[in-house]
Amino acid sequence: MGNQVILIEHPLIQHKLTLMRKAETSTVKFRVLLKEIGMLLGYEVTRDLPLKHEKIQTPLASMNAPILAPEKKLVIVSIQRAGQGILDGMLELMPSARVGHIGLYRDPKTLIPVEYYFKVPHDIEKRDVLVVDPMLATGNSAVAAVERVKSTNPLSIKFVCLLAAPEGIEHFIEVHPDVSIYTAAIDEKLDEHGYILPGMGDAGDRLFGTR
Ligand SMILES: O=P(O)(O)OC[C@H]1O[C@H](OP(=O)(O)OP(=O)(O)O)[C@H](O)[C@@H]1O
Ligand SMILES: O=c1cc[nH]c(=O)[nH]1
Ligand SMILES: [Mg+2]
(Lines of atoms letter the chains of each structure in order from A; the text may use other names.)
(Lines give C-alpha, C1' and ligand atoms only; values in the text may rest on other atoms or scores of the structure.)
(Ligands and ions follow the chains in the order given, each with its own letter.)
Protein backbone atom coordinates (compact mmCIF):
# COMPACT_ATOMS: atom_id res chain seq x y z
CA MET A 1 0.00 0.00 0.00
CA GLY A 2 1.42 3.43 -0.91
CA ASN A 3 2.14 5.85 1.89
CA GLN A 4 0.47 9.20 2.08
CA VAL A 5 1.41 12.39 3.86
CA ILE A 6 -1.63 14.63 4.04
CA LEU A 7 -0.99 18.30 4.81
CA ILE A 8 -4.01 19.92 6.44
CA GLU A 9 -3.87 23.55 5.42
CA HIS A 10 -7.20 24.76 6.76
CA PRO A 11 -6.85 28.49 7.62
CA LEU A 12 -8.33 28.10 11.12
CA ILE A 13 -5.81 25.37 11.94
CA GLN A 14 -2.91 27.37 10.50
CA HIS A 15 -3.90 30.47 12.49
CA LYS A 16 -4.24 28.57 15.76
CA LEU A 17 -0.97 26.74 15.11
CA THR A 18 0.85 30.07 14.78
CA LEU A 19 -0.57 31.18 18.13
CA MET A 20 0.64 27.92 19.70
CA ARG A 21 4.15 28.36 18.30
CA LYS A 22 4.63 31.77 19.92
CA ALA A 23 6.98 31.55 22.91
CA GLU A 24 4.81 33.98 24.91
CA THR A 25 1.64 31.84 24.62
CA SER A 26 0.61 30.76 28.12
CA THR A 27 -0.08 27.21 29.25
CA VAL A 28 -3.79 28.01 29.49
CA LYS A 29 -3.98 29.35 25.94
CA PHE A 30 -1.76 26.55 24.60
CA ARG A 31 -4.13 23.96 26.08
CA VAL A 32 -7.24 25.64 24.68
CA LEU A 33 -5.66 25.98 21.24
CA LEU A 34 -4.49 22.36 21.12
CA LYS A 35 -7.97 21.19 22.01
CA GLU A 36 -9.51 23.41 19.31
CA ILE A 37 -7.02 22.17 16.73
CA GLY A 38 -7.69 18.60 17.86
CA MET A 39 -11.32 19.12 17.03
CA LEU A 40 -10.54 20.59 13.61
CA LEU A 41 -8.04 17.81 12.83
CA GLY A 42 -10.70 15.29 13.85
CA TYR A 43 -13.07 16.85 11.32
CA GLU A 44 -10.48 16.64 8.55
CA VAL A 45 -9.26 13.09 9.20
CA THR A 46 -12.77 11.64 9.30
CA ARG A 47 -13.73 12.98 5.85
CA ASP A 48 -13.62 9.49 4.36
CA LEU A 49 -15.80 7.73 6.95
CA PRO A 50 -18.38 5.67 5.09
CA LEU A 51 -22.07 6.50 5.36
CA LYS A 52 -25.12 4.31 5.03
CA HIS A 53 -28.77 5.32 4.73
CA GLU A 54 -31.52 4.76 7.22
CA LYS A 55 -35.23 5.40 6.84
CA ILE A 56 -36.29 8.10 9.31
CA GLN A 57 -39.33 10.19 9.99
CA THR A 58 -39.01 13.98 10.19
CA PRO A 59 -41.94 15.98 11.62
CA LEU A 60 -43.16 16.34 8.01
CA ALA A 61 -42.17 13.30 6.00
CA SER A 62 -40.11 10.16 5.86
CA MET A 63 -36.76 10.06 4.14
CA ASN A 64 -33.65 7.96 3.65
CA ALA A 65 -31.07 9.84 5.70
CA PRO A 66 -27.29 9.31 5.96
CA ILE A 67 -25.69 8.00 9.13
CA LEU A 68 -22.20 6.72 9.86
CA ALA A 69 -21.80 3.19 8.57
CA PRO A 70 -19.20 1.61 10.87
CA GLU A 71 -20.90 -0.58 13.43
CA LYS A 72 -17.93 -0.11 15.71
CA LYS A 73 -16.86 3.39 16.74
CA LEU A 74 -13.35 4.67 16.07
CA VAL A 75 -10.57 4.27 18.60
CA ILE A 76 -8.43 7.31 19.30
CA VAL A 77 -5.06 6.27 20.74
CA SER A 78 -3.29 9.13 22.46
CA ILE A 79 0.49 9.11 22.84
CA GLN A 80 0.88 10.50 26.35
CA ARG A 81 1.43 13.10 27.47
CA ALA A 82 1.02 15.62 24.70
CA GLY A 83 -1.44 13.52 22.69
CA GLN A 84 -3.97 14.20 25.46
CA GLY A 85 -4.53 17.70 24.05
CA ILE A 86 -5.56 16.42 20.62
CA LEU A 87 -7.58 13.61 22.18
CA ASP A 88 -9.62 16.10 24.24
CA GLY A 89 -10.56 18.02 21.08
CA MET A 90 -11.40 14.92 19.08
CA LEU A 91 -13.60 13.57 21.88
CA GLU A 92 -15.57 16.80 21.87
CA LEU A 93 -16.33 16.11 18.22
CA MET A 94 -16.81 12.34 18.54
CA PRO A 95 -17.95 11.76 22.12
CA SER A 96 -18.63 8.08 21.63
CA ALA A 97 -15.23 7.23 20.15
CA ARG A 98 -13.33 4.66 22.19
CA VAL A 99 -9.98 5.65 23.68
CA GLY A 100 -6.61 4.00 24.04
CA HIS A 101 -3.51 5.35 25.76
CA ILE A 102 0.15 4.70 25.16
CA GLY A 103 2.57 6.26 27.60
CA LEU A 104 5.92 7.10 25.99
CA TYR A 105 8.69 9.53 26.76
CA ARG A 106 11.85 10.16 24.80
CA ASP A 107 15.08 9.50 26.62
CA PRO A 108 16.67 12.96 26.27
CA LYS A 109 20.13 11.54 25.47
CA THR A 110 19.36 8.66 23.13
CA LEU A 111 15.97 10.00 21.84
CA ILE A 112 14.71 6.43 22.15
CA PRO A 113 11.12 6.20 23.40
CA VAL A 114 10.50 4.47 26.72
CA GLU A 115 7.05 2.89 27.13
CA TYR A 116 5.41 3.15 30.56
CA TYR A 117 1.75 2.42 29.79
CA PHE A 118 -0.42 0.70 27.18
CA LYS A 119 -4.16 0.16 27.24
CA VAL A 120 -6.57 -0.10 24.30
CA PRO A 121 -10.18 -1.32 23.95
CA HIS A 122 -10.49 -5.12 24.03
CA ASP A 123 -12.30 -5.25 20.67
CA ILE A 124 -9.82 -3.04 18.79
CA GLU A 125 -9.57 -5.76 16.11
CA LYS A 126 -12.98 -4.66 14.83
CA ARG A 127 -12.20 -0.95 14.88
CA ASP A 128 -10.36 1.77 12.94
CA VAL A 129 -7.69 3.64 14.89
CA LEU A 130 -6.39 7.22 14.94
CA VAL A 131 -3.03 7.50 16.73
CA VAL A 132 -2.57 11.11 17.89
CA ASP A 133 0.45 13.12 19.06
CA PRO A 134 1.16 16.78 18.26
CA MET A 135 4.85 16.19 17.44
CA LEU A 136 6.61 13.95 14.91
CA ALA A 137 10.29 14.81 15.44
CA THR A 138 12.75 11.94 14.94
CA GLY A 139 9.66 9.78 14.45
CA ASN A 140 10.90 7.29 17.07
CA SER A 141 7.83 7.71 19.30
CA ALA A 142 5.28 7.55 16.49
CA VAL A 143 7.01 4.53 14.94
CA ALA A 144 7.03 2.68 18.29
CA ALA A 145 3.43 3.64 19.10
CA VAL A 146 2.12 2.48 15.73
CA GLU A 147 4.12 -0.74 16.00
CA ARG A 148 2.48 -1.41 19.37
CA VAL A 149 -0.99 -0.60 18.03
CA LYS A 150 -0.37 -2.81 14.97
CA SER A 151 0.33 -5.72 17.30
CA THR A 152 -3.32 -5.51 18.43
CA ASN A 153 -4.57 -5.97 14.81
CA PRO A 154 -7.00 -3.07 14.30
CA LEU A 155 -8.87 -2.68 10.98
CA SER A 156 -6.82 0.38 10.00
CA ILE A 157 -4.48 3.02 11.46
CA LYS A 158 -3.96 6.71 10.68
CA PHE A 159 -1.33 8.84 12.41
CA VAL A 160 -2.40 12.40 13.20
CA CYS A 161 -0.05 15.16 14.35
CA LEU A 162 0.32 18.92 14.29
CA LEU A 163 3.97 19.43 13.41
CA ALA A 164 6.30 17.09 11.57
CA ALA A 165 10.01 17.25 10.78
CA PRO A 166 11.13 15.92 7.37
CA GLU A 167 13.45 13.48 9.16
CA GLY A 168 10.55 12.06 11.17
CA ILE A 169 8.31 11.67 8.15
CA GLU A 170 11.04 9.82 6.27
CA HIS A 171 11.67 7.48 9.20
CA PHE A 172 7.95 6.81 9.73
CA ILE A 173 7.29 6.11 6.04
CA GLU A 174 10.18 3.69 5.92
CA VAL A 175 8.86 1.59 8.81
CA HIS A 176 5.11 2.04 8.28
CA PRO A 177 4.49 2.53 4.54
CA ASP A 178 0.88 1.42 5.06
CA VAL A 179 -0.06 4.17 7.56
CA SER A 180 -1.01 7.68 6.40
CA ILE A 181 0.34 10.72 8.24
CA TYR A 182 -1.96 13.71 8.67
CA THR A 183 -0.11 16.87 9.72
CA ALA A 184 -0.86 20.61 9.82
CA ALA A 185 2.74 21.61 9.02
CA ILE A 186 6.07 20.22 7.91
CA ASP A 187 8.87 22.26 9.49
CA GLU A 188 12.45 22.75 8.40
CA LYS A 189 14.57 20.31 10.40
CA LEU A 190 15.57 18.96 13.82
CA ASP A 191 18.07 20.69 16.10
CA GLU A 192 20.95 18.85 17.78
CA HIS A 193 18.65 17.79 20.66
CA GLY A 194 15.97 16.36 18.39
CA TYR A 195 13.62 19.33 18.69
CA ILE A 196 11.68 20.52 15.67
CA LEU A 197 12.81 23.84 14.16
CA PRO A 198 11.21 26.33 14.17
CA GLY A 199 8.65 24.12 15.97
CA MET A 200 6.87 25.08 19.17
CA GLY A 201 9.20 23.73 21.86
CA ASP A 202 8.31 20.79 24.09
CA ALA A 203 4.60 20.21 23.53
CA GLY A 204 4.09 18.13 26.70
CA ASP A 205 5.80 20.72 28.89
CA ARG A 206 3.88 23.58 27.31
CA LEU A 207 0.58 21.71 27.68
CA PHE A 208 1.05 20.81 31.33
CA GLY A 209 3.34 23.59 32.58
CA THR A 210 6.26 21.27 33.39
CA ARG A 211 9.88 21.56 32.41
O1 LIG B 1 9.46 11.96 17.15
P2 LIG B 1 10.17 11.89 18.46
O3 LIG B 1 11.62 12.30 18.34
O4 LIG B 1 10.01 10.58 19.14
O5 LIG B 1 9.54 13.03 19.38
C6 LIG B 1 8.19 13.22 19.52
C7 LIG B 1 7.73 12.87 20.90
O8 LIG B 1 8.27 13.78 21.86
C9 LIG B 1 7.23 14.33 22.64
O10 LIG B 1 6.98 13.57 23.77
P11 LIG B 1 7.98 13.54 25.03
O12 LIG B 1 8.98 12.46 24.88
O13 LIG B 1 8.52 14.92 25.24
O14 LIG B 1 7.03 13.11 26.21
P15 LIG B 1 5.92 13.98 26.93
O16 LIG B 1 4.75 14.08 25.98
O17 LIG B 1 5.61 13.22 28.15
O18 LIG B 1 6.51 15.32 27.22
C19 LIG B 1 6.06 14.32 21.69
O20 LIG B 1 4.81 14.49 22.30
C21 LIG B 1 6.22 13.01 20.98
O22 LIG B 1 5.65 11.92 21.66
O1 LIG C 1 10.18 19.77 19.04
C2 LIG C 1 9.81 18.79 19.71
C3 LIG C 1 10.32 17.50 19.51
C4 LIG C 1 9.85 16.47 20.26
N5 LIG C 1 8.91 16.71 21.18
C6 LIG C 1 8.40 17.94 21.39
O7 LIG C 1 7.53 18.13 22.25
N8 LIG C 1 8.86 18.95 20.65
MG1 LIG D 1 7.80 16.29 26.22
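Using N, Cα and C of the backbone, Cβ positions are placed for all residues, glycine too.
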Exercise for review: Going by TrEMBL, Arg81, Asp133, Pro134, Met135, Leu136, Ala137, Thr138, Gly139, Asn140, Ser141, Asp202 bind 5-phospho-alpha-D-ribose 1-diphosphate; tell me which of Arg98, Arg106, Arg127, Arg148 is listed for that site too.
Suggested key: Arg106
**Study point:** binding-site residues near ligand 2 among Arg81, Asp133, Ala203 (Cβ under 6 Å)
**Key:** Ala203
Check your understanding: How big is the gap, in Å, between the Cα of Arg81 (5-phospho-alpha-D-ribose 1-diphosphate binding site) and that of Gly201 (uracil binding site), rounded to a whole number?
Key -> 14
Study note, to complete from the structure: The answer for which binding-site residues (Arg81, Asp133, Ile196, Gly201) have a CB under 6 A from ligand 1 is Arg81, Asp133
Exercise for review: Give me the non-local Cβ neighbours of Ala203 (uracil binding site): same chain, 6+ apart in sequence, Cβ-Cβ under 8 Å, ordered along the sequence.
Suggested key: Leu34, Ala82, Gly85, Pro134, Met135, Leu162
Review point. Where does Gly201 (uracil binding site) sit by DSSP, helix, strand or coil?
Key: coil
Review point. Non-local Cβ contacts of Ala137 (5-phospho-alpha-D-ribose 1-diphosphate binding site) (under 8 Å, 6 or more apart, same chain)?
Key: Ala165, Glu167, Gly168, Leu190, Gly194, Tyr195, Ile196
